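What Swiss-Prot annotates here:
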- His64, His66, His141, Asp212: Zn(2+) 1 binding site (BINDING)
- Asp68: active site, proton acceptor (ACT_SITE)
- Asp68, His69, Asp212, His270: Zn(2+) 2 binding site (BINDING)
Amino acid sequence: MELIFLGTSAGVPTRTRNVTAILLNLQHPTQSGLWLFDCGEGTQHQLLHTAFNPGKLDKIFISHLHGDHLFGLPGLLCSRSMSGIVQPLTIYGPQGIREFVETALRISGSWTDYPLEIVEIGAGEIFDDGLRKVTAYPLEHPLECYGYRIEEHDKPGALNAQALKAAGVPPGPLFQALKAGKTIMLEDGRQINGADYLAAPVPGKALAIFGDTGPCDAALDLAKGVDVMVHEATLDITMEAKANSRGHSSTRQAATLAREAGVGKLIITHVSSRYDDKGCQHLLRECRSIFPATELANDFTVFNV
């Protein structure tokens, strides 16, 4: 999986940072696709500066209904339709997301020429396609807000083709059945169990993408053991009380959570517009003093999961 940050500013855009949007490139050999997490104003324009086609976008996950995470959605939906894209699209989000989308389209005389499904979610598992699952966790914010945990299912281990050939199993369709863990029967009556010729399963990757939040009970479960955790660092340590009073987190709180959850990497985003480039490096240093494996997301930064 690959993360592409389209917007990394909190609340309002700046000259160098747009408001929140994160693209997830699934990069799966049998199922390509793009997922979008939040869609602040101007997201479709940010997408034009990447190599990705909106036609590949098939799922959008909205954390909450504040404008800096949402106001780009109607324009993206309409432009996708005007471009002749017919691939279905599913939007997941909190209560009210359906009313927002339908109202915006209705009063502007707009529509989509592709199937559009809107799923209003609660806490818990919201999606599983057999390759990966997505679970929503409630966060601490003035509006109903969720973070999303994306977990790939474990992949089957490699098939020991050399051992199978030595056992007299001809390559071809039988290998495919054995790779799926099935038992086959050879012409001489012998039974071959695929599980005996498979290496250990390859653990799937796990990713946690937080919406806006102050410290909360669900945060540790959302982030526990993930390879990559994306979390806001809206304000620095000196402004922690102000951040919390508005349902946001400081650098220290993001980094401490990453350490306690045992994540592989922390990526901080959603930084206040009060910070210029020098100020953002200050935020990064504060996080790294607690959790060294921290990176700062800028617009169009790409990270592998």
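Every residue, even glycine, has its Cβ placed from backbone N, Cα and C.
Cβ atoms within 8 Å of the centroid of the Cβ atoms of Asp68, His69, Asp212, His270 (the Zn(2+) 2 site) belong to the same-chain residues Ala10, Gly11, Val19, Thr20, Asp38, Gly40, Ser63, His64, His66, Gly211, Glu232, site residues excluded. Of the listed recorded positions Asp68, Asp212, the Cβ environment within 10 Å is emptiest of other Cβ atoms at Asp68.
For His141 (Zn(2+) 1 binding site), other Cβ atoms within 10 Å of its Cβ number 19. Between the C-alpha atoms of Asp68 (active site, proton acceptor) and His270 (Zn(2+) 2 binding site), the distance comes to 10 Å. Of the recorded residues, His69 (Zn(2+) 2 binding site) and Asp212 (Zn(2+) 1 binding site) place their C-alpha atoms 9 Å from one another. It is His64, among the binding-site residues His64, His69, His270, whose Cβ has the fewest other Cβ atoms within 10 Å in the structure shown. The residue listed as 'active site, proton acceptor' falls within a helix when secondary structure is assigned with DSSP. Taking the centre of the Cβ atoms of His64, His66, His141, Asp212 as the Zn(2+) 1 site, the nearby residues of that chain (Cβ within 8 Å, site residues left out) are Ser63, Leu65, His69, Leu139, Pro142, Leu143, Cys145, Gly211, Thr213, Gly247. When the alpha carbons of Asp212 (Zn(2+) 1 binding site) and His270 (Zn(2+) 2 binding site) are compared, the span between them is 8 angstrom. All protein chains included, His66 (Zn(2+) 1 binding site) registers 21 other Cβ atoms within 10 Å of its own Cβ. His270 (Zn(2+) 2 binding site) is 14 Å away from His64 (Zn(2+) 1 binding site) when you measure Cα to Cα. Rounded to a whole number, the distance between the Cα atoms of His270 (Zn(2+) 2 binding site) and His66 (Zn(2+) 1 binding site) is 13 Å. For the pair His270 (Zn(2+) 2 binding site) and His141 (Zn(2+) 1 binding site), the C-alpha distance works out to 14 angstrom.
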